[in-house]
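Record features (Swiss-Prot):
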type: BINDING; residues: 64, 65, 66, 67, 68, 69, 70, 71; note: ATP binding site
């Protein structure tokens, strides 16, 4: 009984000192809400993440080799957040964002905030200010490797700057993490891969910017290009594999494959065909695909073409796939589900 009184007294003192809600029992009727998620634009990846997308109010890291689809995936997330009326910002440290490509993926350029900072400190200060404002829902930093410390920029070429970027990232993570949670703003860091020297056994790959981001990120996605999609002799896209390397909100280590078509982004209809067959929603007999009593095409490309031409059927298939995985039917506020992009 004395312990219960002592605990009650301690809780009351903490609430007086730090405000109501600063400490509470997790299962009690409290303002702790279910984790909100924003769709990635890929139905398969939404399912693999376990909550229907990337969690809001968290730090996310997306890394992979060059031209693997890192920026494409993040632009799809931006487009999905904008569909829900969210405010998005893109911190383009690489100075390489293609506005026309972003527009093709569904990004509203008129509503997108963009910054092209000169130094790493400036970039992270901009991120911190936007997060603390509480008015921004999603911030993308492209990329961690391009967040060059001011001391390195002002120094001579060839000067040794041991660990300066890692120190910068470590300080930024400590400063950002609390305000990101309070403002419910998602911050996505795109990262590049480097090779460790002298690794005989194990994976020699590592990401730039030290270890701080690995610890603070709630979700880490490893994205890789696995093959080419050809139309006769022309390469028209890539098959892409994403592995959920770390996930604090659902079981990790799930993998998903989807197509990224050049100039169009993630092929949603291709995913509906593949995931529909896996979920038993779409039947495959030989090379023929059918939905219900209706044949939708001979061969995968013809089935994709049918779904592009029949968005109602595609919407029904998507709803049934989501339902089979226990996900919400729609990710938009209008309750009509995601818009199908012709891909």
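Every residue gets a Cβ built from N, Cα and C, even glycine.
Keep in mind that what you see is a predicted model, and the values were worked out from it rather than measured.
Here residue 71 (ATP binding site) comes close to 97, 142, 190: these same-chain residues lie at least six apart in sequence, with C-beta atoms under 8 angstroms from its C-beta.
In three-state terms derived from DSSP, residue 71 (ATP binding site) belongs to a helical segment. Each residue in 223, 225 lies on the same chain as 64, 65, 66, 67, 68, 69, 70, 71 and has a C-beta within 8 Å of the C-beta centroid of that ATP site, without being one of the site residues.
Each of the binding-site residues 67, 68 was scored by the other Cβ atoms within 10 Å of its Cβ; the lowest score goes to 67.
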